[in-house]
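Trainee: The active site, proton donor/acceptor feature in TrEMBL is assigned to 144. Look at TrEMBL and you will find 6, 380 tagged as Mg(2+) binding site. Summarising the annotation, TrEMBL assigns ATP binding site to 13, 202, 203, 204, 205, 206, 277, 278, 279, 326, 327, 328, 329, 330. Per TrEMBL, substrate binding site is recorded for 88. The site 'Transition state stabilizer' annotation in TrEMBL covers 176, 235.
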Ligand code: ADP
């Protein structure tokens with residue numbers, strides 16, 4: 001069995017898979033949340049949902065509780081049956097592929113903690129504890145940054161003092177790589193081609209675009225941190241960097257506080273003043289709310305601008321534009337508004353297919369479109385699971 005773990009500062013999401021005759025089957029999934037606050041563990045198994053209110057004062061107890069509950073519910077007979085554990089890890093610095101966790105990988109993760117202070121430290125803690133509980137399993141770190149290590153220098157160097165890159169690692173890393181990797185593999189499987197040029201719009205609460213050239217990441221919109229690029233649920237994306245200084249002195253706050261506001265109070269939430277969730281903003285938009293209209297126009301314009309820039313770097317040879325993640329998979333309105341803003345590309349949306357329900361994926365461009373358009377559901381967990389299997 002393989003356990004896939006996605007941890008945050010107060011939660012640990014997990015799912016358990018088995019690999020039978022090269023077919024990966026999900027057995028169960030769940031979450032331990034409100035760690036250090038209160039504590040709750042939920043597990044879905046065989047169409048039932050089991051919920052427990054349990055004190056979870058730290059990550060160690062949360063992990064112990066997850067493993068005990070899996071045992072109590074007879075989902076696993078023996079925790080030693082878990083042969084591999086895969087961890088979604090946000091920042092891998094310059095690591096270019098999923099890696100078996102050893103001291104050198106742990107050191108690199110520690111170094112990258114400065115670049116992802118909210119994400120890497122809880123991931124490291126969780127890795128340490130799972131290694132204690134499952135000493136004989138293979139532990140594999142899968143990085144959101146790894147897929148983008150193929151980007152050419154022209155796309156990852158910032159126009160600042162070159163010493164910042166050389167001495168402090170200030171460069172574009174990019175994120176959502178596990179999702180982009182999954183989506184590109186899926187697209188190539190669907191069309192039966194390899195080395196494709198795609199522009200993938202991963203539009204979740206956090207959101208970024210990735211352009212692939214010959215099947216490899218060529219450019220992406222997030223940067224040193226996930227704050228850069230397009231406007232997101234609560235993050236601002238690219239802005240004039242001087243705004244930070246200006247607002248720090250205007251509001252008499254320090255840079256860290258302004259950075260926090262740019263991460264948590266900006267984007268769709270900041271502009272619409274309604275919500276970070278596109279469903280509420282679309283409701284406001286349909287009811288004629290001016291700020292909701294502005295938020296949606298701004299959001300889709302930013303995405304369209306990056307698509308055009310990426311298409312230019314692909315010398316116009318774009319095979320497909322693909323929408324994925326919460327908004328990309330579900331919002332026909334956002335997809336249509338983005339496509340309608342792409343004047344320099346020969347793209348034609350099939351509006352019925354754009355609105356149609358689907359399971360895994362659906363091609364939503366018309367037959368006479370020069371570029372294919374798809375909506376594809378992402379699956380980061382299965383990608384992590386496959387990576388773990390490759391080490392077993
Ligand atoms: P993340 O993994 O970054 O937290 P998700 O990929 O789960 O985010 O996307 C979450 C967002 O997707 C929500 O904030 C909401 O805006 C949007 N979303 C989710 N479901 C729907 C839906 N059925 N219709 C439209 N938007 C949706």
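One is the number of the first residue shown, and numbering goes on along the chain from there.
Glycine is treated like the rest: Cβ placed from N, Cα and C.
Keep in mind it's a predicted model, so treat the numbers as computed, not measured.
Neighbours and distances for these, please.
Mentor: Sequence-distant neighbours of residue 144 (active site, proton donor/acceptor) (same chain, six or more apart, CB under 8 Å from its CB) are 88, 89, 90, 91, 92, 175, 176, 177, 178, listed in sequence order. For the recorded site, residue 144 (active site, proton donor/acceptor), the DSSP three-state label reads coil.
Residue 380 (Mg(2+) binding site) falls within a helix when secondary structure is assigned with DSSP.
Counting Cβ atoms from all protein chains shown, residue 277 (ATP binding site) has 16 others lying within 10 Å of its own Cβ.
DSSP assigns residue 176 (site 'Transition state stabilizer') to coil, not to a helix or a strand. Cβ contacts within 10 Å of residue 176 (site 'Transition state stabilizer'), excluding its own Cβ and spanning all protein chains shown: 29.
Within 10 Å of the Cβ of residue 235 (site 'Transition state stabilizer') there are 26 other Cβ atoms, across all protein chains.
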Trainee: Find the longest CA to CA distance in the recorded ATP-binding set 13, 202, 203, 204, 205, 206, 277, 278, 279, 326, 327, 328, 329, 330; express it in Å as a whole number.
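Mentor: Among the residues the record ties to ATP, max Cα distance equals 24 Å.
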Trainee: Please work out the number of neighbouring Cβ atoms within 10 Å of the Cβ of residue 6 (Mg(2+) binding site), leaving out its own Cβ.
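Mentor: Summing over all protein chains shown, residue 6 (Mg(2+) binding site) has 22 other Cβ atoms within 10 Å.
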Trainee: Near ligand 1, which of the binding-site residues 13, 88, 277, 327 are found, taking a Cβ distance under 6 A to any of its atoms?
Mentor: 277, 327
Trainee: Check the binding-site residues 13, 88, 279 for other C-beta atoms within 10 angstroms of each C-beta and report the one with the most.
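Mentor: The residue with the most neighbouring Cβ atoms within 10 Å is 88.
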Trainee: Let me know the most crowded of the binding-site residues, choosing from 329, 380 and counting other Cβ atoms within 10 Å.
Mentor: 380
Trainee: In Å, rounded, how far does the Cα of residue 329 (ATP binding site) sit from the Cα of residue 380 (Mg(2+) binding site)?
Mentor: 14
